[in-house]
Amino acid sequence: MARVTLVLRYAARSDRGLVRANNEDSVYAGARLLALADGMGGHAAGEVASQLVIAALAHLDDDEPGGDLLAKLDAAVRAGNSAIAAQVEMEPDLEGMGTTLTAILFAGNRLGLVHIGDSRGYLLRDGELTQITKDDTFVQTLVDEGRITPEEAHSHPQRSLIMRALTGHEVEPTLTMREARAGDRYLLCSDGLSDPVSDETILEALQIPEVAESAHRLIELALRGGGPDNVTVVVADVVDYDYGQTQPILAGAVSGDDDQLTLPNTAAGRASAISQRKEIVKRVPPQADTFSRPRWSGRRLAFVVALVTVLMTAGLLIGRAIIRSNYYVADYAGSVSIMRGIQGSLLGMSLHQPYLMGCLSPRNELSQISYGQSGGPLDCHLMKLEDLRPPERAQVRAGLPAGTLDDAIGQLRELAANSLLPPCPAPRATSPPGRPAPPTTSETTEPNVTSSPASPSPTTSASAPTGTTPAIPTSASPAAPASPPTPWPVTSSPTMAALPPPPPQPGIDCRAAA
């Protein structure tokens, strides 16, 4: 019986969506490697991060099948993360950029899976769709703790808050091995698909036989759902053919193209091209006037001005009410604070103000105090930005996603529970100046050493009252055989003790104690 050879048939598609100006997603699909990265950081930073990580993984597609798949994936991911760190060092303006990553390395009947962030991997097997990755997000922690249901997480306002990503800082991705079977279909997707499209609708699209048509349909569904974010998908079938595809597919930022679908280049045009045609209500154009319009009277002009003033005032009041009901966590004067309003300014006026400040007790118990409050709990100190680990510090500096006051307090508690640096150790106690250190064992057991504090040396010759040159230590007088000569005072040499490790640096690997 001939041995069954399993290979991949795959398709990849990417679209910048209907809201974003550029595509920060990058995707690679090849005979052995399927990889998807969703960049973040704004402007060009996100697409730079996703390109660096995909470039670091691409060589795995050329390797011979076999060996330790997870070790290969782990090494490639660390190389990509190091590339991000090096890029940030060369261009400090890119600080805070990062990317998610979900990738599969295929080798016959087994595959390795690496995951970090909120992109997703799905498996369709025997008609059942299963999510094979776990979101590294704030709302997923709420689901794990039983505070919200998975259905509530799907529409939670903080669902985009990522807790782990590749940002150039040390991080451990999730690595798993899986069995591959003929007939399996795998889907890798960015949150541009999983946020606006339900799992049930994704399942329907994945049941389309051809992988290219299935991928195209998934992009359409995301755009019909509003296309709020870049959307990228990889659809791959495990088949038992003698040969599979060999030409790799690049899409998204790494390919230099924002879109792969042949859609109009405007958001409205692309939206109308994929949406169902709606009935157009025809309007009869007004007939042209056959007489000259009279000039507006002063009373009518005054009425219009008054109406515009009322509308503008109402708009300002409504806008002010909306702004005052919005809260987010950000850095204010070096402290992790809950801000009220929205980020930015209008006509030189700030649209936000500090509302609550985080306060930590020596046992890391979090409380909130009002901004400007003269006193809080006696044993608490303000939660500083430098108390956080570097990845969360960068997110807070940029401002976490806004929502209600309860949402912001929940984010603050999550930071205090999981994102603080360890406390710096207390400084070692030292002897007060002027007080001699306690004698060593060798000094206390020397029988004939004088204990006078005025004597600089324990030897008799060094304390001779005459003004002659002190005797050489090796030529001690034979009259005192019970006291062997000592060439120097008996002290412990600093070179004999091991050097202590460098102390932890506050704000880098520890936080200052309260």
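Positions of Cβ are set from backbone N, Cα and C atoms, glycine also.
In Swiss-Prot, the Mn(2+) 2 site is described by Asp38, Asp229, and among Asp74, Asp93, Asp184, Asp191 the residue recorded at this site is Asp191. Annotated Mn(2+) 3-binding residues in Swiss-Prot are Asp118, Asp191, and among Ser160, Ser198, Ser214 the one listed with them is Ser160. Here Gly39 (Mn(2+) 1 binding site) is positioned 11 angstrom away from Asp191 (Mn(2+) 2 binding site), judged by their C-alpha atoms.
Fewest other C-beta atoms within 10 Å: among the binding-site residues Asp38, Asp118, Asp191, Asp229, that description fits Asp229.
Of all the binding-site residues in the list Asp38, Gly39, Asp229, the shortest Cα-Cα distance to Asp118 (Mn(2+) 3 binding site) is found for Asp38. In sequence order, Asp118, Thr137, Asp191, Asp195, Pro401 constitute the residues six or more apart from Ser160 (Mn(2+) 3 binding site) in its chain with CB-CB distances below 8 Å.
The Cβ of Gly39 (Mn(2+) 1 binding site) has Glu24, Asp25, Ser26, Ala45, Gly46, Glu47, Val48, Ala49, Ser50, Gln51, Met97, Gly98, Thr99, Ala253 as same-chain neighbours under 8 Å, each 6 or more residues away in sequence. Mapped onto three states, the DSSP output places Asp191 (Mn(2+) 2 binding site) in helix.
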